[in-house]
Structures are given as structure tokens and as C-alpha cells.
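Pulled from TrEMBL, these are the features on record:
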DOMAIN    4-228  domain 'Orotidine 5'-phosphate decarboxylase'
BINDING   D10, K32, 59-68, T122, R183, Q192, 212-213  substrate binding site
ACT_SITE  D59  active site, for OMPdecase activity
ACT_SITE  K61  active site, proton donor
ACT_SITE  K61  active site, for OMPdecase activity
ACT_SITE  D64  active site, for OMPdecase activity
Amino acid sequence: MSEKLIVALDVPDKEKAMDIVEELKDVVSFFKVGMELFYREGPKLISDLKNLGLKVFLDLKLHDIPNTVGRALKNLIDLEIDMVNIHALGGKEMLRAAYLVKDEALKRKGKAPIILGVTVLTSMDQETLEQIGFKIELTQLVAILAKETKEAGLDGVVASAQEVSLIKKICGPEFITVTPGIRRFEDANFDQKRVLTPKKALELGADYLVVGRPITAASNRKLAAQKYLEEMEGVWHGSL
Ligand SMILES: O=c1ccn([C@@H]2O[C@H](COP(=O)(O)O)[C@@H](O)[C@H]2O)c(=O)[nH]1
């Protein structure tokens, strides 16, 4: 079973989420809960998933002033999640507030989740940046945001697998890269702009691959997940 594959539970309610978990739990052990599901089901869903022995990435992409982010993050850390993220665009002070909360949790509980900075969403490309007034190369912005996240003391970033080599070069091999926008050749991109295959993502050094619709919207989800895992197995020689 691969802990490098994170399946996104982008569904409206617990019933639908648990159907997916039930279908995949023999082959997938790491699930992502995003805004859609968390805003309806809240913390109880997280404890239900944890009680099944699963790992949970709570993908809420916090983005607010440092004080608010720090306080919100403290509540999320207490849900015993394994991974959580905040928008690196919130700046140095906000990232540092997140780090201080993690540090405090480590001292208080002896453990804390992986905390990631979100760089540039994988649904964005150079044109999207220009539309909102950014006059900077997208990869350069990713590099700046990754560096800020690292300097704040956080564990890694969410970025496209296309930027993994650059991020590892700047922030070091231990700095974690979590990469959505993963697609097998035959899968539809939907709204994702910066995509890469699972094979290529792992070859470039991505630590975790996030996949949603190509697996969760498939008629046979377990088979779809297995196809991703097979492609990953060809590259990564850990224990799948
Ligand atoms: O830059 C980002 C950050 C987060 N996501 C999330 O990943 C999944 C991807 O789902 P797919 O169906 O495989 O496109 C989704 O939950 C996003 O919210 C991202 O895509 N890009």
C-alpha cells in the first residue's frame, strides 16, 4: 500500500466519502479532506477516518492575518491530522505564526502534523498570474514562496510536480513536495493547468502525489487507483 498516493475526497458529504474510502481502503491509506467536505462534516469526519487507521491531509489552505491563521491552525492540529496547509502568499509573518504553533504543539503533545505552504495553485498558469497583475515568471514565484516557507521553518510545499526539481534544488531534498495535478496520459485534466504523470512526478522527486477525480469519479475506483499505483511502482522502489 502506498503512502505516497493521497486520494482527494472531493465529495459533498460523509456518506459519499465513506463509500470511496470503503472501496479504496485496501490499496490507499492516505486521504485528503478539502473545504467541500470539511465545511459540511467538520471534525467528526476527521476522527472517523483516523479511527479507521487512515492518514488525513486536511487541505483547507488557510489564508488570513498571522494571528488568525495561528489560532485556527492550533485548533486543526488538535484534530490529530497528519498534514495541513496554509497559503504561502500570506507572507513571512503568517508562515512564521504557523511554525510557532507547530513548535508549541510539538512541545505540548510530542507530535504535530506536516505543515505545508501552498505555492501557486496547479489550476493556474502564466496567463492566470498576468490576469491578476503578477509580473513575474510563475516558476520564479513558486521558488520565492517555497524559500519563504522553508525559511519560516515549515515542512514543505504544495506545488505542481513540474516545479519539484527547482524546489528541491533551492530548499534541499528533505523539504517535502506534495503535488496535485497528477494525471495518467489517458485522464482528463479538468481545471488543472500544470499537470504531470505519476511516473514523471516521482522521477523528479515528488514526495506525495494527490489525485482526485481520475480515481474518485471512475466507474471502478479501485482499479483506477491500482493503475496509478502500478505506474508509481515502476519508478519508486519503496514498499507499495
Ligand atoms: O495547487 C493545488 C492545491 C490543491 N489542489 C487540490 O488537489 C485536488 C486535485 O484534484 P483532482 O481531481 O485530481 O484535480 C483537489 O482536491 C484540489 O483542491 C490542487 O488541485 N491544486
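For all residues, glycine too, the Cβ spot is worked out from N, Cα and C.
Fair warning: this is a prediction, and the values are worked out from it, not measured in the lab.
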Rounded to a whole number of Å, the separation of the Cα atoms of G212 (substrate binding site) and D59 (active site, for OMPdecase activity) comes to 13
Measure from the Cβ of D10 (substrate binding site) and count the other Cβ atoms within 10 Å, all protein chains considered.
19
With the Cβ under 6 Å from ligand 1 as the test, give me the qualifying entries from the binding-site residues D10, L60, H63, P66, T122.
D10, T122
DSSP secondary structure for K61 (active site, proton donor), reduced to helix/strand/coil, please.
strand
State the count of C-beta atoms found within 10 angstroms of the C-beta of T122 (substrate binding site), not counting that atom itself.
25
Let me know the model's mean pLDDT on the domain 'Orotidine 5'-phosphate decarboxylase' (4-228).
98
Counting across all protein chains present, how many other Cβ atoms fall within 10 Å of the Cβ of G212 (substrate binding site)?
20
Other Cβ atoms within 10 Å is the metric here; tell me which of the active-site residues D59, D64 scores highest.
D59
What whole-number Å value do you get for the CA-CA distance of D59 (active site, for OMPdecase activity) and D10 (substrate binding site)?
11
What's the CA-CA gap between D64 (active site, for OMPdecase activity) and T122 (substrate binding site) in angstrom, rounded?
21
The number of other Cβ atoms within 10 Å of the Cβ of the residue listed as 'active site, proton donor', counted over all protein chains shown, is 18
Name, in the order they occur in the sequence, the residues of the same chain whose CB lies under 8 A from the CB of L60 (substrate binding site) and which sit 6 or more residues away.
G34, M35, F38, L76, V84, N85
Does anything in the same chain, at least 6 positions from H63 (substrate binding site), have a Cβ under 8 Å from its Cβ, and if so what?
V69, I86, H87, L89, G90, M94
Pairwise CA distance, D10 (substrate binding site) versus the residue listed as 'active site, proton donor', rounded so that it is a whole Å:
15
